């Protein structure tokens, strides 16, 4: 069911920084559980390749001591063959594990996007009122992509790093304890530097993703409203607004990159310090004939292996931080409270269309009431018009009837049942609606018309189109009913889009019909034809009509007049005119008529 127009109330889901990266990481890794066997296979490949990698420095040291120092070059081919085989196997295993992890990460991304999209179908409408649409799109697309970029590489590097570190430490202590302790002396400094830098960069990467969502929101809004922007020559103002947010993104992005960019050179400095210590102590031990030159070469190799995982982590650091920030933003949506039916909610069966509002109060922000003590009763089959100036509460009444929002106080009943005791899907499927702002989808004309009644036949579709006088222009489209519409039917005129929306409501054939400014975008001739067909359509249906042009609702069974969220008058057209009240003022202000009391 399409949504009635709503009022935005500013963004939600804004937090100053990433709260708990450990919990976020743990939850993100939970998406890998279905792939446990695949991960075990990858970890076996990683373990074997890491062990082979750990052996290479030892073999290089042995080659120096066995081949080059005693000048036994006849043994060189044997050692070269062994080293070459190790390097070849290591490369093959790295390729295999990378290929598997990239496939696995794509599956995780698929599941995340699927869960996000399904969640967005179940959250209350108020969430979309308060959250910029571009920010939501950014979470579904950009934030999930950030996670994909990290999962494909970082998990392998993390596990490979652990195995390599463990293997390197074991081999170093087997070769020489003193040089092993010298190599490990740089670890506390490495951990300290990483902790200091990470605590600063985490908040900037979260802020970077939040501002990126704002920028996406501006782009999405400007593209959809480009005609209005050009009409009012607001291009410069829109560019200024874009520049402000873009500048904020530049600043926060620069800070994030600067802070994260500090880590690699600092780690490089620590690594060089480790090499210097090994070379210095190793040279001193070699002069005393405690170790050989090959042992020094072995330790330099192990030192590189020991620091390589730390270096890789620092190089991936900004991606990891961004992925954690993105995961936090994704989980914020996944943790939103969903629209839930009452445990005892019932299905509407054999809908009669009786509607009753009892002392209904409502406010969007829980502060200023939009509706105040609204009470009225609509009998089955009645045609009721809601009339009032902009902001009087007409659309809000429809929002509440559709249960896009729940009342603060009072009751709304359909067929004598409180709508909070009716399943939302059952309630909404009983109501057909024509929006003021027509919503069409990027599919064929026929599929758009069938949206409220997927089982409609081609004959039923054409009959409904003839009733609404839309058949004549549909037949002249390039592919007729099979013509694929562009974004929201922008290749059609506003009147044509309105006619398609009316036809869609015809096909749905609900017991309750809501017409929100149904003919406000149609020319006078077409409007008269539609009005005749529409009154015929409304026979036997409970119909609620919202219209500012009061001449379209003269024949309504009941007119409810609203002002500032309150009902000020109710009655038929002639009765209200004779009262010379607020409705009389509205009517005469539109048509310049002075109607004498009889």
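Keep in mind that glycine also has a Cβ here, set from the backbone N, Cα and C atoms.
Taken from Swiss-Prot, the feature ATP binding site covers 388, 389, 390, 391, 392, 393, 394, 395, and the record attributes it to sequence analysis. Around the Cβ of residue 388 (ATP binding site), the same chain contributes 394, 561, 562, 563, 586, each under 8 angstroms and 6 or more positions distant in sequence.
Taken from Swiss-Prot, the feature domain 'ABC transmembrane type-1' applies to 39-322, supported by sequence analysis.
Positions annotated as domain 'ABC transporter' by Swiss-Prot, on the basis of sequence analysis: 355-589.
Long-range contacts of the transmembrane segment (40-60) within the same chain, counting only residues at least 6 positions beyond its ends with a Cβ under 8 Å from a Cβ of the stretch, are 79, 82-83, 86-87, 89-90, 93-94, 96-97, 100-101, 104, 156, 159-160, 163-164, 167-168, 171, 175, 294, 297-302, 304-305. Under the heading transmembrane segment, Swiss-Prot lists 40-60 (among others).
Same-chain residues lying 6+ beyond the ends of the transmembrane segment (80-100) with a Cβ under 8 Å from its Cβ atoms: 38, 41-42, 45-46, 48-49, 52-53, 55-56, 59-60, 63, 152-153, 156. Marked as transmembrane segment by Swiss-Prot on the basis of sequence analysis: 80-100 (among others).
With a cut-off of 8 Å between Cβ atoms, the residues of this chain six or more beyond the transmembrane segment (150-170) that come close are 32, 42-43, 46-47, 49-51, 53-54, 97-98, 101-102, 104-105, 108-109, 180, 184, 302, 305-306, 308-310, 312-313, 316, 319-320, 322-323. Residues or ranges marked as transmembrane segment in Swiss-Prot: 150-170 (among others).
The transmembrane segment annotation in Swiss-Prot covers 177-197 (among others) and is backed by sequence analysis. Distant neighbours of the transmembrane segment (177-197): 169, 259-260, 262-263, 266-267, 270-271, 273-274, 277-278, 281-282, 285, 291, 295, 299, 302-303, 306-307, 310, 313-314, 317; these residues of the same chain sit at least 6 beyond its ends, with a Cβ under 8 Å from one of its Cβ atoms.
Within its own chain, the transmembrane segment (273-293) is flanked in space by residues 61, 64-65, 69, 176, 178-179, 182-183, 185-186, 299-300, 303, 306-307, which lie at least six positions past its ends and keep a Cβ under 8 Å from the stretch. Residues annotated as transmembrane segment in Swiss-Prot, with sequence analysis given as evidence: 273-293 (among others).
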Residues that sit under 8 angstroms from residue 392 (ATP binding site) by C-beta distance, when 6+ apart in the chain: 562, 563, 564, 565
Residue among the binding-site residues 389, 391, 393 whose Cβ has the most other Cβ atoms within 10 Å: 393
Other same-chain residues whose Cβ falls within 8 Å of the Cβ centroid of 388, 389, 390, 391, 392, 393, 394, 395, the recorded ATP site, in sequence order: 396, 562
Winner by Cβ contact number (other Cβ atoms within 10 Å) across the binding-site residues 390, 395: 395
Cβ neighbour count within 10 Å of residue 394 (ATP binding site): 23
